[in-house]
Amino acid sequence: MDKEKIVIQGARAHNLKNIDVEIPRDKLVVMTGLSGSGKSSLAFDTIYAEGQRRYVESLSAYARQFLGQMDKPDVDLIEGLSPAISIDQKTTSRNPRSTVGTVTEIHDYLRLLYARVGHPVCPNHGIEITSQTIEQMVDRVLEYPEKTRIQIMAPIVSGKKGTHKKTIEEIKKEGYVRIRVDGEIYDINDEIEIEKNKKHSIEIIIDRIVIKEGINTRLYDSIEAALRLADGYAVVDIMGDKELLFSEHYACPYCGFSVGELEPRMFSFNSPFGACPTCDGLGTKLEVDVDTVIPDRSLSLNEGAIIPWRPISSQYYPQMLASACKEFGIDMDTPLEKLTKEELDIILNGSKDKEFYFEYKNDFGMTRETWIPFEGILPNIERRYRETNSDFTRDQMAQYMTDLPCPSCKGYRLKEETLSVKVNNHHIGQISEFSINEALDFFDGLELSEKETQIAAPIFKEVRARLGFLKNVGLDYLTMSRAAGTLSGGEAQRIRLATQIGSRLTGVLYILDEPSIGLHQRDNDRLISTLQSMRDIGNTLIVVEHDEDTMMAADYLIDIGPGAGEHGGRIVAAGTPEEVAKNKNSITGDYLSGKKFIPVPAKRRKGNGLELEIIGAKANNLKNVNAKIPLATFSCVTGVSGSGKSSLVNEVLRKALARKLNRNHAKPGEHKEIKGIENLEKIINIDQSPIGRTPRSNPATYTGAFDDIRDLFASTNEAKVRGYKKGRFSFNVKGGRCEACKGDGIIKIEMHFLPDVYVPCEVCHGKRYNGETLDIRYKGKNIAEVLEMTVEEGLEYFTNQPRIARKLQTIVDVGLGYIRLGQPATTLSGGEAQRVKLASELHKRSNGKSFYILDEPTTGLHADDIGRLLKVLQRLVEENGDTVLVIEHNLDVIKQADYLIDLGPEGGDGGGQIIATGTPEKIARSKKSYTGKYLKPILERDKERTEERIATAKKK
């Protein structure tokens, strides 16, 4: 066996055509090719699956049932495999308790740091809470010079009302002769006047001492007596100086605020020992959002100002509201904004104890009379959300609720006692709010004692290393408190990459899926050097990637193709990037060598004269941003990672447009207003989420082509004779489907500690339909055979059916001619799902008032796919007059835009400002723009190439 190579023979997973390939070990290997060509099938479904399977096979049968075991890949032979670790984009944690800090384990080290060198500080008095032994107290007193006069006291009453006669009697019985009351010293036998209704402090004077040699024992005994009498507290009054307050407990001597023994679990918001009891460590509470309940205060109650109580099905709440308003004298025709504060308070929060007469008449004419207090809209929604057993009702009420910072912990997730522990005047919650860059600066500037430095040194080493790795993969703008579920696929992948670098494993096979996603060109170099450093310590890296810089940095490049789907699955070229660039059969090689490229448009559109204007956007890190987007253009929002692109487009603009145009309830990010919405009719967000969550959804059903296909089969003579309607040809309802597998075509068999096995249905043999339905044929094929066709085959087959052909043509136009009409939605990649959505939009008639938003549409796309995607996006603008707004880092997309909005200058707090706007040429001239810096050479290079191509074409 060759130890220098991973040898694969006869790989046939998905569309792979029985391929043989050798991959050098301990190298940075990049796999590329068109979307759907078989890269992931080779990298993840063959190499990783076999590496993982072999590891799991080595475990006991008992252990295997707890681990998700991979299916054995369809391959003849794989040799030279190391233990495999997959770092893809699909395994991001959606758990609200998972944060950047917990995923990278930085939070675990911070917990240890605070448990070992943290100082509890009383939140009420701002003094450090310490626990001291008697020896430490004696040593502290003896630091004062000789002849210093002191008196030792036991504070037995602290800030309590009463005459305290019983307490004074007990002191007398103990044999003490002096006490101090409210700062005045009295003989115990004196008549002491103490006012009953005022707060008082009483200390027993235990001893009076002058500091000199040989008083250690007496001092020790006196302090010990004070501690015994005052439950662990002692006061040493230094005559002519301040008083010293000592405590045996972790408690404030003034107010008694106490902190238990410091231990790491106390600083975990996932542990009951540290989590805030109000929000259970989530940092947020689900509260009713008034602005969602009443989005438009210019409406009156009769005009339906209160969305959740609009009379749709039940008249109960509208009738209750009318009765309450009548009782409390509230005019239901007055706009809500003109009601008095008291009237609005009754509507929103209820009438408390005031009752009103309510007569409810239901749809059947039955009436019910009662006197009840008015509950109020907000408490009503909250109660129905908390108490209902119906998922439907809970989902309905959830639309009007939002996560607000917890009032107890202010969003820090931890108990008050935990947040009282400080290191350099910062509690652990504040450090978690730092960005990676700020955290690095904080730890570099920490001031600790010699002993603390010694304890914290190994912790600092680990924390700094992990922060450094996050910075190196371009994530220095993230905060450690950022919820893992809010990260993009690329960010989550690079976090796991940083965690793996921190482990410093060697001899491992890492398989990565497009780590450059969401990364600005500026940060790409750092990512590449990180990958190279992982290789240099003795690991093999297989990276599925389309980024040109990453491909050129590879030791070995494998191009899979030549096409996608059925047209792919072969090794087209393999070798160094330079060798692949010279290969005439490789599309990737053509793009690397410059033979093929995406041209620069000859002119930029100005739009139709109308524009959308965002005013005062402040969501997340946006700094009161104003932005204009010309309508009927292809516009692009750019900027370094974390600069605020998603905040501006997705949080503010998309949610505001969806709320206005689509009646969506999602609350937009903070902004003043958006002008020009009246020029639009609909907003379409085309993201990379699946087109369906079950295998029953497929490209034919999503684009609507399947409806027309079922109509066609139902219109055949045989179907009419048998009385079959359109529903007969659906695999989702009884009638035409196979009932043995309920139209799935496969049956799942659970194998417990082995992977679940899916076998074709024995009755329909995977065809989904019963025999009678399959008897119906159109042009020689039944419905099951039609679903097995590729889109290209379907287009030819239905060429005489314009309704179907038009829909299938758009799927071919977006470069998905290779997918099958009935291919389950769950097997489509994110990029493929996004293009199916685009295709379904292309065949719709438009009036130029649609607004499309795409967030990084080039994810998973080869340069050739990007060229096709751009043609489709330009078509939406050119032919339909619609507006397309894209968030993108890919320079091929950016250079094709009509208008750019560049955010920055940095990520996180250093971003959130508009750096430059205008055409790509204008941005390229900007000295402040990082995007412009990288765009300029690409524009110049490709303009030159475009001019050369035009000149060559003219000569011919």
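Including glycine, each Cβ sits where the backbone N, Cα and C put it.
Record features, source Swiss-Prot:
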- 33-40, 639-646: ATP binding site (BINDING)
- 309-587: domain 'ABC transporter 1' (DOMAIN)
- 607-936: domain 'ABC transporter 2' (DOMAIN)
- 252-279: zinc finger (ZN_FING)
- 738-764: zinc finger (ZN_FING)
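Annotated features, which come from Swiss-Prot, shown on the structure.
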{"residue": "G33", "record": "ATP binding site", "Cβ within 10 Å": "29"}
{"residue": "S35", "record": "ATP binding site", "Cβ within 10 Å": "28"}
{"residue": "S37", "record": "ATP binding site", "Cβ within 10 Å": "30"}
{"residue": "K39", "record": "ATP binding site", "Cβ within 10 Å": "28"}
{"residue": "G639", "record": "ATP binding site", "Cβ within 10 Å": "29"}
{"residue": "S641", "record": "ATP binding site", "Cβ within 10 Å": "25"}
{"residue": "S643", "record": "ATP binding site", "Cβ within 10 Å": "30"}
{"residue": "K645", "record": "ATP binding site", "Cβ within 10 Å": "25"}
Could you give the mean pLDDT over the zinc finger (738-764), rounded to a whole number? 83
S35 (ATP binding site) -> DSSP, reduced to three states, gives coil
Reduced to three states, what secondary structure does DSSP give S643 (ATP binding site)? coil
Take the zinc finger (252-279) and count its residues per DSSP category (helix H/G/I, strand E/B, coil), listing them in that order. 4 helix, 2 strand, 22 coil
